[in-house]
């Protein structure tokens with residue numbers, strides 16, 4: 001049966017970063033440090049927000065959920081990248097490849113929805129401040145976060161099912177740094193026009209609709225901020241959402257170019273570069289952006305990190 005043709009191809013070869021043998025060791029160290037910093041930074045932000053009652057507000061709730069999401073988002077790809085840099089046999093099983101693709105896209109879609117929820121929170125806080133406490137309740141925050149995760153994990157199911165039915169009967173080298181739909185489709189020995197159309201439709205809906213919603217929210221926010229009479233007031237109002245806007249532009253800027261297109265062929269170098277941006281750089285930048293631009297969060301981190309030291313050394317008080 002044709003749908004089982006892929007059984008003859010039980011694994012793929014992830015080519016990863018080509019022509020880097022001379023700097024493979026340095027690249028491994030750099031990627032490992034980036035991964036460790038991402039894990040430590042996002043875990044620290046998540047724990048600090050959860051442990052400090054003063055930060056139990058809607059804005060910080062969503063930041064903590066984003067940090068938690070980034071821990072899993074990077075775990076789907078970077079460990080395998082690191083292993084492939086050290087291994088001569090850069091293989092991944094057929095099932096493993098589909099699972100990596102599914103979780104990478106489901107967590108990516110969840111991040112799109114979560115960034116949208118964060119923009120709506122900032123819109124309410126700045127444009128409707130009097131109604132904000134009544135609307136953005138802890139219950140609504142929890143429901144919005146749960147909805148982001150649920151919708152995100154439902155989105156790629158149809159794409160994965162369609163890819164799983166394709167026959168892969170020959171060339172098995174994936175020209176990418178991790179398993180993903182575009183490079184997988186180029187290996188199928190069957191017409192994949194339906195897959196490309198489905199991928200485009202789902203990605204365009206998720207990415208463009210959420211990005212449009214975010215931009216509309218920020219359009220309203222900027223309009224409201226400009227009406228504030230004092231420069232100090234304008235600066236304070238916009239500083240609460242500047243970090244989020246930076247993250248949005250970096251993340252959406254790369255994924256729009258990568259996934260919202262109706263073709264299988266692509267520039268390998270460009271796509272690898274963009275993949276590094278949204279799979280490594282963005283999760284790495286999030287804790288830096290949110291902590292450096294947020295004095296309240298920095299103070300909470302210092303209190304949390306040095307609390308035990310202060311208790312253990314009362315003479316320093």
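Including glycine, each Cβ sits where the backbone N, Cα and C put it.
Per TrEMBL, these features apply:
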- 25-48: transmembrane segment (TRANSMEM)
- 41-290: domain 'G-protein coupled receptors family 1 profile' (DOMAIN)
- 60-78: transmembrane segment (TRANSMEM)
- 200-221: transmembrane segment (TRANSMEM)
- 242-262: transmembrane segment (TRANSMEM)
- 274-292: transmembrane segment (TRANSMEM)
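Between the transmembrane segment (274-292) and the transmembrane segment (200-221), the number of CB pairs under 8 angstroms, six or more residues apart, is fewer than three, so the stretches are not in contact.
Across the domain 'G-protein coupled receptors family 1 profile' (41-290), the model assigns an average pLDDT of 89.
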